[in-house]
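A short write-up of the structure that comes next.
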Amino acid sequence: MADFGMYHSLGQDAANPNGSQQQGNQPNKFRPPVAPSPSGYQQSGSAAFGQTPNQYMGTPMQNTPPVQDQSYFPPQQSPQYQQDVSSMTSQMGAVGLGVEQHAQPRHKKKDRHAYHNIEGPGGSSQAFNGMPQAGTPTQFLGQNTPQVGGAQWNSPQITPAMNQFPAATPTFSPPMQASPMQHAARTGTPHAAGTPASTQQGRVDPEQIPSVPRSRDVPAQYYLEHVYPTMEHHLPPPALVPFVAYDQGNSSPKFARLTLNNIPSSAEALATTALPLGLILQPLAPLQEGEQPIPVLDFGETGPPRCRRCRSYINPFMTFRSGGNKFVCNMCTFPNDVPSEYFAPTDPSGARVDRLQRPELTLGTVDFMVPKEYWSKPPVGLRWLFLIDVTAEAVNRGYLDGFCEGIMSALYGGETGDSEEEGSAQRLPKGARVGIITFDKEIYFYNLSAGLDKAQMMVMPDIEEPFVPLSEGLFVDPEESKAVITSLLTQLPTMFSEVKNPEPALLPVLNSALAALTATGGKVVCSLSALPTWGPGRLFLRDDGNMHNTDAEKKLLTTEHPGYRKVAQKMVESGIGVDFFLAAPSGGYLDIATIGHVSALSGGEVFYYPTFHSPRDVLKLSKEIKHTVMRETGYQALMKVRCSNGLQVSAYHGNFYHHTFGADLEFGVIDADKAIGVMFSYDGKLDPKLDAHFQSALLYTTATGERRVRCCNIVASVSEGAAEAMKFVDQDAVVSIIAKEAAARVVEKNLKEIRGALTEKTVDILAGYRKNFTGNNPPGQLVLPENLKEFSMYILGLIKSRAFKGGKEPTDRRVHDMRMIKAMGPLELSLYLYPRIISLHNLDEKDGFANESGHLKMPESIRASFSKVEEGGAYIVDNGQVCLLWLHAQVSPHLLEDLFGEGHTSLKGLDAFSATLPVLQTHLNAQVRNILQYLETSRGSKALTIQLARQGLDGAEYEFARLLYEDRNNEAQSYVDWLVHVHRHIQLELAGQRKKEDSSEGGLASTASTFVGLRTPYWG
């Protein structure tokens, strides 16, 4: 293999979330000029003053955690933590990140597979503070340390010392329902419900339970300096970590993630783990700087070579024999003749002599150009059709203004001045066309031909059977017609400020868009700011608030409206997708269940602004329209997933159209942010001597008008039992598959049953591990698999999410989040289930600036609990959907001046509706802007703008409290209580006393069901 050192310098722009000690002491070459300190305020890092641990607080509170030095290893959370690497070595039996390694056990050759090693990290059952507890038998210390092939960044994580959890009693009842929001965070450690503790420690120490922030920060640090080679390492980095993947024939985890990278050979073995076998696919995922672009290969009229039997595309795992005359399919083992034009002789080892010149034989992800037989209609550049709501509500609330500005900034880059001229031509891909239609209770078409002085408007009053009155001039080249388009978008808000029809007619305008795009396919971007109560397809207020928490609620989460269902289906068939930008300025009901169905079925997305406020949200709206237009988008797409003999696809989850189970998935459009979950079941037994292979093929038309197939190939080793499989579990993929399946079930089951099923599933997985894969650990211990340590926190985050939480939640928000979960990739989901929180009041002076290797030094993130919030603190909370800047009531006036400018010394003096930070010459201001800019690079489709949440002043503070997922809130337990609850149920399961819904359910019943992701009794 190539020397990977040559790739280490890639990814210059990746940020440094965990700057190491050596880098921390270097003078900062990248610091902008620092303004003189305000009187009486010591600015950290200025020449005159030494650095104080918390420069904005007068006296530290008693309960501030001890300040720990940064080091390459994450600190164990104990006050005695010494930065003494030699003593650490004895504590850590892990792969040394710069620590000398002692006596690695040697592995026999027979452990090796055709393509990769299958050693890896096992379970972790160390005592809490990283040291053996008195009296702990030595056989379980260090027995499960990460080994070669495991997660490269791992240092042993402290998992809950098992004797901290009280013994279970069969009469356990879950804790009481959550208290009101203001008591959301309990700073003390709660007593576990149930019997008194029978051990030395009656309480669980919240510091010592698995930490999500730490599980992100450590690998992020490692991947700043290392690439991820896709065949050599067989455990992908956490989804939220930026990394540079080096494709060695196995697809990058950005495109495809398997729940198990080592698969048990039989259904029985898989059932012992209770884990779903699935694949998360994000076929058009964006690449990071430093990664090789996906090669586009053209095989001319014949198209790419494919297996005659199963139709798999040529890939790196197909083998050649008979001197290169035959290729053997890696999916179905059928020997195919090699077409004469593709023939090349093989060398003595059986590899083709031209293998290294053939990207399709060396890379896991490639694009094939395809000939005419793959076309449904002649491909053309992507047609963008903007449908703009011009009703009274949109005009009055500034939504129309914001939407028009957003379109201009997406097409032409907004008012960026001189540099914009050369950049603007590249905004939309060559060949793309743009059209504009406005609507209230009538439909207005615009002729945008370049020869006109200004756009010509045509009114369509007949909305019962609308047609398209323009044959030419509806779709134009955005550059040629730039003057016409910009003058129209500038005038629209004033033109319709006189008219002001209160009621929009949405369905007729969607039908018009369908008629305009049927011939070519394309993408519709539609704004709406009021419930469409006019004309055909008018909707009414279905959600009166009385059906919440009842069985009838699930009817509100789906749509039976025949008009919207029909238009959605026709759009998919014509290769059209819709993105909706829905604003409810007064927080009103929009029936997203019905309207959003069109975008869900056609592969589009809904951007929802539940309390749209003009000055504050216009920037977010504008950025999101721009992102929609700029991200990679394919249309008229079909997808097929193939797998090895012995496995079969059992279910798909995501936003697409699927008319019969065996058919291809159909998408009107698919873009870089969309992911699909695929579940597999066994239809035989896998051969442990062979690997298991998966291939996804997405046939789509690019925005430039080329018909292509995006091919992603994944390989996994196979083992006889499931013990090996547990070492290669991909936590993010497991959480994604379970979340997508739960979201798909909302229309069938009520929310209480779904929450119950998620809890049961968590217990099943952890009890399965405890029963089958741990040695003789004491029965009171909660033993978590090494690679699923944060799993229970993510599932708790899912139970607390707006989609599934108990209590009252507007159905619009519920259904929006539910569909979003079905479509979002693992990165966005990870952030949605556990936000990243960064404290701003005690930043190190070097945080937020580049270190000597050019990486941004990021501060460590903190846990999502109010017990971690310091008095006088300032925090950024980002869950990928909203980004809050929370300011404590006693925040230092100096900090406010540094962040917001002179004169801003009190919370009340700040502008509650500002969405960005001013650009100031202060050190802190520059740090925070750099950190925000970095956060913007690793998220999904939603834009990052700030929303102020000042303690005691802003309503956004309720959202801040809701996002502290480790506390007791959202009608669910705190993280500690939840672990105690799960642990009790695991103990009941081990004792054979756990109540199951259906006594007949044996070990195989859940896998025999078509839906293997969640427990059968709940899913039916």
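Glycine is no exception: its Cβ is also placed from the backbone N, Cα and C atoms.
The annotation compositional bias 'Low complexity' is assigned in TrEMBL to 16-28 (among others).
The compositional bias 'Polar residues' annotation in TrEMBL covers 39-67 (among others).
The compositional bias 'Low complexity' annotation in TrEMBL covers 68-84 (among others).
Among the features that TrEMBL reports, compositional bias 'Polar residues' is placed at 170-180 (among others).
DSSP states for the domain 'Zinc finger Sec23/Sec24-type' (304-342), grouped as helix (H, G, I), strand (E, B) and coil, give 6 helix, 11 strand, 22 coil. According to TrEMBL, the feature domain 'Zinc finger Sec23/Sec24-type' maps to 304-342.
Taken from TrEMBL, the feature domain 'Sec23/Sec24 trunk' applies to 382-628.
Annotation source TrEMBL lists domain 'Sec23/Sec24 beta-sandwich' at 634-718. Counting residue by residue with DSSP, the domain 'Sec23/Sec24 beta-sandwich' (634-718) contains 0 helix, 56 strand, 29 coil.
Secondary structure of the domain 'Sec23/Sec24 helical' (730-829) per DSSP, as helix, strand and coil residue counts: 67 helix, 2 strand, 31 coil. Annotation comment: TrEMBL describes 730-829 as domain 'Sec23/Sec24 helical'.
Here TrEMBL flags 857-922 as domain 'Gelsolin-like'. Over the domain 'Gelsolin-like' (857-922) the predicted model carries a mean pLDDT of 94.
Taken from TrEMBL, the feature region 'Disordered' applies to 1-84 (among others).
Residues or ranges marked as region 'Disordered' by TrEMBL: 110-136 (among others).
According to TrEMBL, the feature region 'Disordered' maps to 168-214 (among others).
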Summed over the domain 'Gelsolin-like' (857-922), the DSSP helix, strand and coil counts are 14 helix, 12 strand, 40 coil
